[in-house]
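Working notes for the structure below.
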Ligand SMILES: Nc1ncnc2c1ncn2[C@@H]1O[C@H](COP(=O)(O)OP(=O)(O)OP(=O)(O)O)[C@@H](O)[C@H]1O
């Protein structure tokens with residue numbers, strides 16, 4: 001079976017896992033009770049605030065009537081109550097905001113842990129880059145999860161709040177507004193709770209307007225996250241490759257590239273500003289045009305003596321409260337579009353991580369025996385073209401092989417396949433089960449930190465004794481660095497290319513692997529130092545199996561066997 005990367009952009013959006021798969025795991029995790037408690041606190045505060053607003057509505061009606069009738073004791077009484085309830089309705093939302101922030105942080109922490117785990121598990125981070133499945137995975141974890149949890153909690157608590165308020169204010173307004181009698185021919189028709197119908201009709205029109213003008217914002221917001229992340233990524237690349245760029249005198253070119261990426265950020269922001277302005281402008285116009293509506297609608301009741309002036313105040317206030325509550329949907333349209341865009345980016349990431357995990361490997365990796373065996377191995381490029389074929393190759397324990405071949409013939413790819421990092425191809429690779437294997441590329445990763453932790457990577461710095469560190473540095477011609485063992489630095493920038501290769505070789509001597517793959521791991525060294533390093537390897541690890549990819553002829557005499565890879569066209 002051939003493993004082929006599929007192109008998600010060529011299919012519809014169906015490849016994305018459901019949005020529920022982003023949300024559900026946290027709410028069924030061990031965090032669920034604490035999260036539910038926080039939600040309960042938030043909702044209780046919100047409902048209490050709603051009832052405080054209703055009480056204020058009644059008090060304002062009473063106050064208006066008391067003012068009209070100059071009833072001083074009632075005026076004083078209602079004012080004191082209004083002040084007390086007003087204070088509660090102002091302070092409670094502050095506690096609600098705190099609880100929302102805390103819940104968001106807990107969810108973000110949980111989701112970040114999960115996505116970091118998925119991303120770093122196996123070699124998913126490598127597969128995502130190798131097959132170009134998604135861009136900026138790291139930034140999706142850092143930025144999109146943060147915004148997604150925040151917007152989801154804000155929107156969902158607001159929606160629950162709004163729904164409760166809608167029911168409450170609808171009942172209130174229905175009770176206050178009474179029926180509208182319209183003379184029709186010889187009789188009259190009566191519309192009970194007519195103001196409620198008016199609010200709903202108005203709000204529906206408002207929402208339709210918001211959807212019509214705002215749906216374009218979904219794509220623009222998704223693009224915003226992408227172009228911002230691309231811009232940041234290029235900046236990071238310049239920082240990481242500062243020296244190489246400086247040698248090439250590439251500053252101006254990088255400046256152009258950065259500015260051209262920023263132009264995409266700027267253009268997208270301008271587009272977003274235009275569309276948001278258009279949305280807000282028409283929404284405001286709509287609200288403004290219909291602002292006298294509640295007074296006009298309640299006027300017949302006042303004129304026919306069905307309500308007092310205080311009743312009119314109460315009705316218009318209740319109408320306003322219901323209207324403001326329903327206005328949440330059109331006003332939050334922008335947040336909805338942002339939420340969909342963020343969810344889509346995270347769903348894409350989940351899709352890519354699942355795909356990396358479930359990808360069928362064309363090359364079967366098996367464990368057993370004491371030799372490394374490749375049987376009927378065909379290495380393919382990701383596009384399915386044949387890179388190289390290898391009939392049967394067996395490396396017995398303790399043997400030393402050098403792999404040769406023209407540039408691009410697939411030497412590194414063969415090593416990737418042996419490491420289980422290259423699924424494209426056919427055949428079987430069998431590796432001894434219990435032995436420790438180490439792969440050394442041309443440029444090894446050196447984490448920021450002490451020299452000890454750089455040498456011990458991927459194990460911790462306490463894995464080896466000071467004596468072992470010193471001996472490894474001496475063996476690898478790095479005696480002058482012994483004094484820096486506990487010094488913390490950015491060693492990848494500080495050490496020369498050759499020093500980095502010597503450090504990587506010292507790492508091999510410390511870890512004492514049984515099988516060592518060296519992919520042009522000494523290419524930056526002068527032949528003499530290279531020879532000394534290989535000799536140290538042979539002296540210190542005489543029973544280790546060594547497979548070296550190397551172009552230099554001088555290295556041949558450190559090995560007993562040669563494997564020559566032929567590109568497919570040479571067969
Ligand atoms: N992730 C990838 N996506 C697409 N093609 C790839 C990928 N990785 C490697 N290749 C292709 O596979 C081919 C073999 O690459 P490989 O690095 O194995 O060659 P090599 O023999 O080690 O070359 P060199 O001696 O120059 O290091 C190259 O044509 C390369 O472009």
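Cβ coordinates come from backbone N, Cα and C, glycine included.
TrEMBL: automatically predicted annotations, no manual curation.
Taken straight from TrEMBL:
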DOMAIN    83-338  domain 'ABC transmembrane type-1'
DOMAIN    372-569  domain 'ABC transporter'
TRANSMEM  33-54  transmembrane segment
TRANSMEM  83-105  transmembrane segment
TRANSMEM  162-182  transmembrane segment
TRANSMEM  194-214  transmembrane segment
TRANSMEM  281-303  transmembrane segment
TRANSMEM  309-329  transmembrane segment
Looking only at residues six or more beyond either end of the transmembrane segment (309-329), which have a C-beta under 8 A from one in the stretch? 53, 57-58, 60-65, 68, 158-159, 162, 165-166, 169-170, 172-173, 176-177, 195-196, 199-200, 202-203, 206-207, 210, 287, 294-295, 297-298, 301-302
Residue numbers, six or more beyond the limits of the transmembrane segment (83-105), whose CB comes under 8 Å of its CB atoms: 35, 38-39, 41-42, 45-46, 48-49, 52-53, 55-56, 59, 149-150, 153-154, 157
Could you pull the average pLDDT for the domain 'ABC transporter' (372-569)? 90
